[in-house]
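Asker: What TrEMBL shows for this protein is this:
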DOMAIN    45-210  domain 'FAD-binding PCMH-type'
ACT_SITE  189  active site
ACT_SITE  239  active site, proton donor
ACT_SITE  309  active site
Ligand SMILES: Cc1cc2nc3c(=O)[nH]c(=O)nc-3n(C[C@H](O)[C@H](O)[C@H](O)COP(=O)(O)OP(=O)(O)OC[C@H]3O[C@@H](n4cnc5c(N)ncnc54)[C@H](O)[C@@H]3O)c2cc1C
């Protein structure tokens, strides 16, 4: 293991250094950073530090890190590609595991199995290369496979639930299990992973044979539509709010005159009012203040409760 920044004494206790030594011995291959700003990893480029940030490269390391953290009473937070995440500016206590180094993708007939940290976009490219159709809708979703299962990510009429047959998970108790499609209990931007705090390790998609060129053409078309509508040139977390029944979020925000509204460095995107972009060194607090403001205005004007799709985690900064 590589421990970076060993001079910083986490929480100022000697016990912590002992703990670091223990982790170093237990996980010689894993890089663990201390007091690492998560703004370096989130798509919004905001967020406070993780006490410990580890990058496991395989299932065994993930399992062992979880067991170690449990034994040491360290809370554990799992992150994929951090594309649907706001980490409050006070950061995250305990151990954060970013799974993007766990990223193998294999195929077997019509099935594609991807490790949780694999980029969903890469999984769609592998499917296309094997002339497998069904997951084109996800060609531009910038999350990991694990994050896509967690969120039941979807776009252009498709959702992950349409193609997933099973996911291998690690329970909070440290047990590895396989959940089938029904056990994953998918709903709109929901899966059972959110309810039971499991860690997704792998997911298997069941696809259909297709024509590789036609699949590529469909992916290109959807990505062009995405680029035309979304502010892909600026940091964001995608659609901030879930779609309220009977309404379009972007339209509500636009009609309320909030497009372009700015708090600190965070702005309601001029290109897509459902996005909040980081235009000038925004903090997570700027994002959260702006989200709260939008929710209050839309409630007052339209009596519509806007629920966040983006996941908000971590601690508020101390004053
Ligand atoms: C420009 C842009 C466009 C986007 N477009 C879309 C879109 O079209 N459709 C859509 O659905 N989303 C979209 N998103 C949002 C985002 O890409 C998806 O929600 C994606 O599924 C999140 O995956 P992630 O790996 O980034 O998850 P993260 O942001 O890392 O995490 C999100 C949540 O999932 C949990 N999680 C992540 N990995 C695991 C795991 N292995 N096990 C257990 N829990 C885990 C985290 O704890 C967190 O609570 C967009 C985002 C951006 C920035």
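Each residue, glycine too, has its Cβ placed from N, Cα and C.
Just so it is clear, the model here is predicted, and its values are computed rather than measured.
Can you tell me where each of these features sits in this structure?
Answerer: According to DSSP, residue 189 (active site) sits in a coil region rather than a helix or strand.
When other Cβ atoms within 10 Å of the Cβ of residue 239 (active site, proton donor) are tallied across all protein chains shown, the result is 20. In the three-state DSSP scheme, residue 239 (active site, proton donor) falls into the strand class.
Under the DSSP three-state reduction, residue 309 (active site) is assigned to coil, being neither helix nor strand. All protein chains included, residue 309 (active site) registers 18 other Cβ atoms within 10 Å of its own Cβ.
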Asker: Near residue 189 (active site), which residues of its chain come within a Cβ-Cβ distance under 8 Å, counting only those 6 or more away in sequence?
Answerer: 151, 152, 153, 154, 242, 309
